[in-house]
Amino acid sequence: MRPTLLWSLLLLLGVFAAAAAAPPDPLSQLPAPQHPKIRLYNAEQVLSWEPVALSNSTRPVVYQVQFKYTDSKWFTADIMSIGVNCTQITATECDFTAASPSAGFPMDFNVTLRLRAELGALHSAWVTMPWFQHYRNVTVGPPENIEVTPGEGSLIIRFSSPFDIADTSTAFFCYYVHYWEKGGIQQVKGPFRSNSISLDNLKPSRVYCLQVQAQLLWNKSNIFRVGHLSNISCYETMADASTELQQVILISVGTFSLLSVLAGACFFLVLKYRGLIKYWFHTPPSIPLQIEEYLKDPTQPILEALDKDSSPKDDVWDSVSIISFPEKEQEDVLQTL
């Protein structure tokens, strides 16, 4: 029994040695793609890698992507399985959500991807990436379509979520608002489940700046993914009724005071410079038309011109009585005087 056992051991060692010394499969001598990475931003699911460069081949290298779920077999990433074609492609990117944001892998599934390069009958070794779950590993962006409506001492904020969640019982968004009076201290209000938030008790007619932030909560694994802040935007609150009334009163009083000052200044100037003002507004004397014509044409008799132009209404005379005395009576009267 011992010689038989010894020969069996020697035979097994020979087989292992032959297998170890055998050259690798020539069909798998293609370099593998380098630095593959999966991008999970909002609803996006994109796999990218660096291209395989070959100096001795003019044919393009193509790539094949496969995926698997927990305890499942490997599937080829094609139209039938995932909705996009990532088989025999020359691109160095596979966008699983290219068809629509709702496409791609289920966000709560455990997904593993692998990738290899191919050139004719040659292919590289598979490059397997670590598994991921979208809700666990996603980068959440800021809320979108932010609209702010100023109110009386308030700001009403409306927006949409970073991406749609099919089943809100397993995962949902809550929101926070970071706001501050311009030049003041920042405050945070939240969390809110609603996509409409009202900031109340703000000072009227003041400028406030704000940023909105989303946070993803996955109930199944009790995971929180804090999102990015939105861009800073500033708005001025409206004045309330009492403030508007005060402004109207102040404007009215200011206008009346200004008009009073202007009226007083004008009256003072009129008194001080009345002679000059009278001189400015006095109508200069004019020569009668008949005399002006006579000066232009001295040969024209002035009296005839006046008689010609005068109207009958202007020919008015007083009655004149001529009393004559005899020469003797006239001397007596003179002596009496």
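If you go along the chain as it appears here, the first residue is 1 and each next one adds 1.
Using the three backbone atoms N, Cα and C, a Cβ is placed for every residue, glycine included.
Features reported for this protein in Swiss-Prot:
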{"type": "DISULFID", "residues": "Cys86-Cys94", "note": "disulfide bond"}
{"type": "DISULFID", "residues": "Cys209-Cys234", "note": "disulfide bond"}
{"type": "DOMAIN", "residues": "31-129", "note": "domain 'Fibronectin type-III 1'"}
{"type": "DOMAIN", "residues": "142-240", "note": "domain 'Fibronectin type-III 2'"}
{"type": "SIGNAL", "residues": "1-21", "note": "signal peptide"}
{"type": "TOPO_DOM", "residues": "28-247", "note": "topological domain 'Extracellular'"}
{"type": "TOPO_DOM", "residues": "269-337", "note": "topological domain 'Cytoplasmic'"}
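The structure, with features from Swiss-Prot marked on it.
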{"residue": "Cys86", "record": "disulfide bond", "DSSP (3 states)": "coil"}
{"residue": "Cys94", "record": "disulfide bond", "DSSP (3 states)": "strand"}
{"residue": "Cys209", "record": "disulfide bond", "DSSP (3 states)": "strand"}
{"residue": "Cys234", "record": "disulfide bond", "DSSP (3 states)": "strand"}
Whole-number Å value for how far Cys234 (disulfide bond) lies from Cys94 (disulfide bond) (Cα to Cα): 40
Cys94, Cys209 as disulfide-bonded residues, winner by CB count within 10 A: Cys94
Least surrounded among the disulfide-bonded residues, given as Cys86, Cys234, when other CB atoms within 10 Å are counted: Cys234
Between Cys209 (disulfide bond) and Cys86 (disulfide bond), the C-alpha gap once rounded to whole angstrom: 45
Alpha-carbon spacing, Cys86 (disulfide bond) to Cys234 (disulfide bond), which is rounded to whole Å: 45
